[in-house]
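Straight from TrEMBL, the features:
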- A:41-58: transmembrane segment (TRANSMEM)
- A:70-93: transmembrane segment (TRANSMEM)
- A:105-124: transmembrane segment (TRANSMEM)
- A:152-169: transmembrane segment (TRANSMEM)
- A:197-219: transmembrane segment (TRANSMEM)
- A:231-256: transmembrane segment (TRANSMEM)
- A:338-359: transmembrane segment (TRANSMEM)
- A:371-388: transmembrane segment (TRANSMEM)
- A:420-441: transmembrane segment (TRANSMEM)
- A:465-492: transmembrane segment (TRANSMEM)
- A:554-577: transmembrane segment (TRANSMEM)
- A:589-610: transmembrane segment (TRANSMEM)
Amino acid sequence: MDIILAQASFVFIQALGGLASAASLFLVASGLSIIFGVTRITNFAHGAFYMLGAYVAFTLTDRFGGAFGFWGSLLLAALIVAALGALMEMALLRRIYHVPELFQLLATFGVTLMVQDLVVMAWGPDDLMGPRAPGFRGAVEILGHRVPSYDFLLMALGPAVLGLLWLLFHRTRWGVLVRAATQDRDMVAALGVNQKWLFTSVFALGIFLAALGGALQIPRTTVTHGMDLSILVEAFVVVVIGGLGSVTGAFLAAVLVSELNAFGILLLPKISLVLVFLVMAVVLVLRPWGLLGKPFTAARQAAGISVRPWQPFSPAERALAAGAILAASALPFLVGDYGLTVGSEICIFVLFAASLHFIMTVGGLDSFGHAAYFGLGAYGAAFLTVLAGLPMEAALIAGPLLALAGAALFGWFSVRLSGVYFAMLTLAFAQITWSIAFQWVEVTGGDNGMLGVWPADWAAGARGFYWLSLGVAVAGVAALRALVFSPFGYALRAARDSALRAEAIGLDRARLQWLAFIVAGTFAGLAGALQAFLKGSVFPDFLGIPVSVDGLVMVLLGGVETVSGAVAGAVVYKALAIWLMSRTDLSRLVLGSAIVAIVLLFPRGIVGFVEDARDRYLPALLRGRGRSSGRETAP
Amino acid sequence: MSALLQAEGLSKSFGGVEAVRGVSFELDAGRILAMIGPNGAGKSTCFNMLNGQITPDAGRVRLGGIDITGLGPAAVWRLGVGRTFQITATFASMKVRENVQVALLSFRRRAFSFRGFAGAACRGEADRLLALTGLADQADRPCGELAYGDLKRLELAVALANNPRLLLMDEPTAGMAARERAALMRLAAAVAREKNVAVLFTEHDMDVVFEHADAVMVLDRGERIAFGTPQEVRRDPRVRAVYLGEGFLYDARHREEKPA
């Protein structure tokens with residue numbers, strides 16, 4: 001009896017802790033949700049602003065003591081950061097609302113990178129310990145357990161903010177406009193509402209909530225420069241479970257996720273990391289728009305719809321591509337071993353980016369979890385060499401089959417969704433795969449990875465391996481390119497361009513996209529298998545979010561409206577990242593600035609920019625008549 | 001011999017709105033039937049039930065004697081139903097010819113083929129359809145830069161790609177200039193009669209309707225209020241009431257009483 005009572009009280013205390021954590025998560029997620037609802041921007045920098053909120057609050061509370069100083073500092077910190085957010089919206093995002101949606105994600109990702117280095121520059125690399133909240137320093141004893149009194153404040157704060165937001169959205173003119181814009185922003189614009197300021201103010205409110213969420217954390221936890229990404233992923237999960245654009249949904253989901261985190265570690269330690277993503281996957285499969293979300297009307301064209309039809313290479317372009325491949329294969333005569341290792345890695349990521357590009361542009365599906373198939377291919381190859389003792393050649397062919405199987409399983413569920421929900425479900429599946437690799441230590445070695453994945457003798461040297469990687473990358477990209485122009489590629493693109501018309505000519509959209517997902521996953525797996533042999537080892541990192549994000553950045557840099565832009569994007573991004581890493585301590589700041597600059601200068605990606613220039617000037621030069629490229633120029 | 005298309009008691013409501021209520025009709029091969037009615041009469045809903053985009057709440061659709069109720073658009077298309085949309089739906093990232101080629105590839109069950117260059121597939125057949133619809137000289141233009149009238153023609157070319165037995169055309173000439181309208185409908189009618197295709201179309205332009213339709217069906221508030229030859233329908237008092245008003249509410253006298 002006593003044991004049951006003790007357990008019941010323990011469960012109760014855990015639940016209280018979960019509720020307290022839910023408050024900050026709710027603030028961050030509701031901000032993200034509001035911003036997405038109105039501006040359709042997937043704000044990757046949201047976590048960065050949350051972190052900035054905590055850092056600024058730390059500095060301010062350090063300076064202004066006393067109860068008034070403390071609480072005033074938290075509020076002031078959130079206001080300052082909200083002003084910074086509004087500034088970013090005006091200076092950066094306003095210029096790129098007309099380009100394909102994911103470019104805004106790329107721009108905010110660039111800002112995230114910059115903030116990471118800026119924070120280290122301003123506040124140093126060490127974790128910071130904030131002051132306790134005046135009046136809430138102690139703990140309350142409940143059922144024999146001590147619960148910090150500050151937790152009770154947070155528990156009350158969540159519903160209070162929810163109530164205030166409800167009043168704001170239902171009782172003010174501004175709030176009505178925000179809700180209207182969430183439902184149909186084109187209609188709101190047509191009614192003469194100044195969209196610019198509506199967007200900016202919504203953005204500022206969203207960032208304010210994120211920064212307040214961060215500031216409120218300082219009495220509870222240390223302030224670190226890794227807190228941006230951890231909260232970001234959780235906030236995305238919350239927003240998606242709750243339903244995009246729904247504040248109440250975000251509240252429910254924040255409580256759900258926090259409680260899952262609080263209990264998962266106790267009840268199901270084996271799958272604690274994956275529990276939240278499992279729940280998200282289940283919610284999305286059962287309720288594709290989240291708990292309280294509604295399906296969005298597609299306000300804008302899907303990314304990738306271009307007036308310029310895709311065409312196979314002309315003879316001149318073919319010669320150019322052949323020349324580039326020839327030049328690349330001559331690299332071993334020009335650079336040393338280090339250069340060749342870098343070159344091999346670039347080749348591998350060219351193939352990875354090309355496979356993501358295929359599903360994103362031809363399939364019209366933005367996968368945020370493509371690393372899953374890269375990693376599965378790598379683990380597949382590692383299992384075969386380390387556990388089964390197969391040679392490299394066999395592992396390179398059979399390893400990607402694990403990626404194929406994973407893509408077949410996850411893709412079957414994912415292609416039933418579209419847009420951001422598709423992106424989030426793919427992210428969830430990638431995280432699930434990651435946690436399996438991380439927590440199933442007996443098979444995968446967990447965090448220690450699998451070592452001893454050595455290539456065959458002929459490929460053991462830097463030269464041999466470089467040629468192998470180049471050969472596989474060229475063959476893979478060529479195969480993907482051929483697929484784009486095959487009947488399957490056309491049918492897939494047809495389903496992307498107009499689902500309505502595609503159905504009316506007998507095309508099965510879900511099956512086409514499922515097959516495309518499997519194809520893309522398999523090629524990513526091939527890249528992953530190569531990476532395993534390049535590194536000689538495999539780690540859970542191969543499956544991590546940063547790898548997926550790298551792939552996205554490469555595709556977007558290259559240009560989503562092109563057939564093979566990912567190749568250029570991968571070369572530029574990977575070379576830039578590796579080179580910067582070796583040159584400067586502030587690689588993230590420089591890389592982030594470079595990404596932001598590229599987004600502003602080449603909003604259609606590098607290859608898209610080249611094609612624009614070619615279509616605008618080349619015909620006039622060659623044929624002496626100006627053939628209009630038929631596209632509007634950006635205002 | 002039974003009719004090619006038989007609709008029996010089709011009904012559909014959205015929330016509390018009964019968009020279509022118990023509509024029945026038949027259509028023989030090679031005949032052209034116009035479906036007319038004011039905005040909101042349920043014409044498009046009817047269309048969407050016929051090609052499987054919407055499942056009816058009640059009623060049956062039979063094509064050549066086979067029950068196709070509840071089949072999806074792709075399956076209905078396989079049975080020989082071509083369709084054009086009120087708001088054109090085409091593949092913007094492709095050339096004009098490629099739009100038709102995709103439809104032809106799908107018809108020949110090659111949509112899942114990994115091999116070959118789709119831009120070279122079924123070229124002759126695609127060009128024949130484009131020539132038929134008067135788009136021969138536009139075949140290599142990007143679909144995204146076509147004028148609206150030409151997009152409507154392209155829709156017709158795509159809809160003909162599966163050698164349909166039944167052609168559903170939802171406002172085929174909306175948004176076109178008067179002369180183009182007449183030409184497009186003449187073309188559709190000629191194709192239909194030559195190949196023995198049944199055509200069901202909705203239209204607001206009465207000149208087009210009365211020039212081509214063998215029969216006219218009138219819908220109002222989801223119900224069929226008239227069905228017959230164009231002459232019969234023209235004389236029908238209920239049709240006149242729907243289109244011109246019954247004069248119960250306002251007439252010339254009201255002009256004097258309340259100046260605008």
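Each Cβ is built from the backbone N, Cα and C atoms, and glycine gets one as well.
Source: prediction; values computed, not measured.
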Task: Tertiary contacts of the transmembrane segment (A:420-441), as residues 6+ beyond its ends and Cβ separation under 8 Å - done: 36, 42, 233, 236-237, 240, 244, 270-274, 277-278, 280-281, 284-285, 288-290, 365-372, 375-376, 379, 406, 410, 413-414, 447, 540, 543-545, 548
Open item on the list: Which residues of the chain, 6 or more past the ends of the transmembrane segment (A:371-388), have a CB below 8 A from one of its CBs?
Closed with: 352, 355, 394-396, 398-403, 405-407, 410, 426, 429-430, 433-434, 437, 444, 450-454, 520-522, 524-529, 531-533, 537-538, 540, 542-548, 551
Open item on the list: Test of understanding: applying the rule of at least three C-beta pairs under 8 Å (pairs 6 or more apart in sequence), is the transmembrane segment (A:338-359) touching the transmembrane segment (A:41-58)?
Closed with: no
Open item on the list: Please identify the stretch among A:105-124, A:152-169, A:338-359, A:554-577 with the greatest number of Cβ pairs below 8 Å relative to the transmembrane segment (A:197-219).
Closed with: A:152-169
Open item on the list: Counting only residues 6 or more past its boundaries, what in the same chain has a CB within less than 8 Å of a CB in the transmembrane segment (A:554-577)?
Closed with: 100, 102-103, 105-106, 303-306, 308, 310, 342, 345-346, 349-350, 352-354, 356-357, 360-361, 477, 481, 484, 587, 591, 594-595, 598, 602, 604-609, 611
- [ ] Could you pull out which residues elsewhere in the chain have a CB under 8 Å from any CB of the transmembrane segment (A:231-256), counting only those six or more residues past its ends?
- [x] 18-19, 22-26, 28-30, 32-34, 36-38, 44, 46-47, 50-51, 158-159, 162, 165-166, 169, 182, 213-214, 276-277, 279-280, 283-284, 289-294, 296, 420-421, 424, 427-428, 431, 545
- [ ] Using a Cβ-Cβ cut-off of under 8 Å, list the residues of the same chain that are 6+ residues beyond the ends of the transmembrane segment (A:152-169) and lie near it.
- [x] 16, 19-24, 26-27, 30, 133, 136, 140, 175-176, 178-179, 209, 216, 220, 247-248, 251, 254-255
Task: Cβ contacts under 8 Å made by the transmembrane segment (A:338-359) with residues that lie 6+ beyond its boundaries - done: 328, 331-332, 365, 367, 370, 373-374, 462-463, 465-466, 468-470, 472-473, 476-477, 480, 483-484, 516-517, 519-524, 526-528, 530-531, 534, 550-552, 554-555, 558, 560, 564-567, 569-571, 573-575, 578
